[in-house]
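To keep things clear, I will list the structure first and then write my remarks on it.
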């Protein structure tokens, strides 16, 4: 769930209090009628995947800091502003030697991981022979001090807190952009599909589309998220309590599933399940579950903006009680759902389709260029095969002439005309290697490349040349 990733943002502002993932109690259970289960030894819950590219490093650092008693005590006694200003990070100097040593090891492993990623990216971009300046490239990773790759210091913890907090605060914005692209792609695919249909089929498809839109919009009224009516409905239908007995403090305690005195983002989102079930049903063709999660995110953001007065991405009991006394809680405006708020504008859709068209054009051009290169390579291969065949035929012809003791025609001597020197037959003057008169009746042009020693059979000379040349080409 997207909210479970954003959940860690609240923990970062409290640093470690809220790190561990909470298993929310299903809100459809009547908690007043559930018997207390027998207590079992507590097991550490699974950690939340924040979605950050340095998620593993972040959680490993957190896990080891939690093991230090001094740091845990300071954590619980440090207020929000001190954490934001980096005062908690300075407590790193007082943690145990064992924890510091482990943090040093974690940092070295993370730096090595980043260097490996940088090298892999360089290789993919074709820069295998280019020297990589790791120090310069490591600057882009702001969550650690790259100038000191060996030890985990106060600055490293401060950087980690600030970077993770900033990155997680941008999470919702990135999710909205991702959803917008999803919606535009869905509309683009629909339009492209219509182009493939004839007039009659296109008309039927358009009518079906409008019917599904109308059917999706036909749902019970959705209460304003976080309003008295919305919470009373949860109180009655999920908790099994009389709406006339609704009490904000009791409600808060019932749905603070981990009992830490705060509503985190996950606990808030659980409160909206009943409202979302009014709009979305996974068995209905007209209902898109991706849109349901976007609606959940919108509801949670709205309540946080209204109730979370100190902007720590957590709702305390005091903040909740103050909000229940406001006019917006008692007499809220109607809530506009996604079908009433299109995720994109007409201009954005036009730009999106132009971008897709350009991408398709670029891909087609690349495909054309690659096919052209392939055709050229195949043509060159055919030429090489033809040359290889000709040479093999020449060698076979020369071997037949040698076996028959027949002088080869002049044109045969011209076949292996390659500038190279060959050993002089045994028992002859090496000086003959460079200059020898051309036998009468032979082409003088051969003088430069393969002179035939006077008094010797030209076939014998060619037999020593052609096989070596044949071997080179076949290899």
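Cβ atoms here come from the backbone N, Cα and C positions, even for glycine.
Where the annotation comes from TrEMBL, it is an automatic prediction and has not been curated.
Per TrEMBL, the features are as follows:
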- 356-404: coiled coil (COILED)
- 190-213: compositional bias 'Basic and acidic residues' (COMPBIAS)
- 243-278: domain 'EF-hand' (DOMAIN)
- 295-330: domain 'EF-hand' (DOMAIN)
- 190-227: region 'Disordered' (REGION)
- 422-450: region 'Disordered' (REGION)
- 1-24: signal peptide (SIGNAL)
Could you tell me how many residues in the domain 'EF-hand' (243-278) are helical, how many are strand and how many are coil under DSSP?
-> 23 helix, 2 strand, 11 coil
Across the compositional bias 'Basic and acidic residues' (190-213), DSSP labelling yields 21 helix, 0 strand, 3 coil
Using a Cβ-Cβ cut-off of under 8 Å, list the residues of the same chain that are 6+ residues beyond the ends of the region 'Disordered' (190-227) and lie near it.
-> 233, 272, 275, 278-279, 284-287, 299-300, 302-303, 306-307, 323, 328-330, 332-335, 337, 339
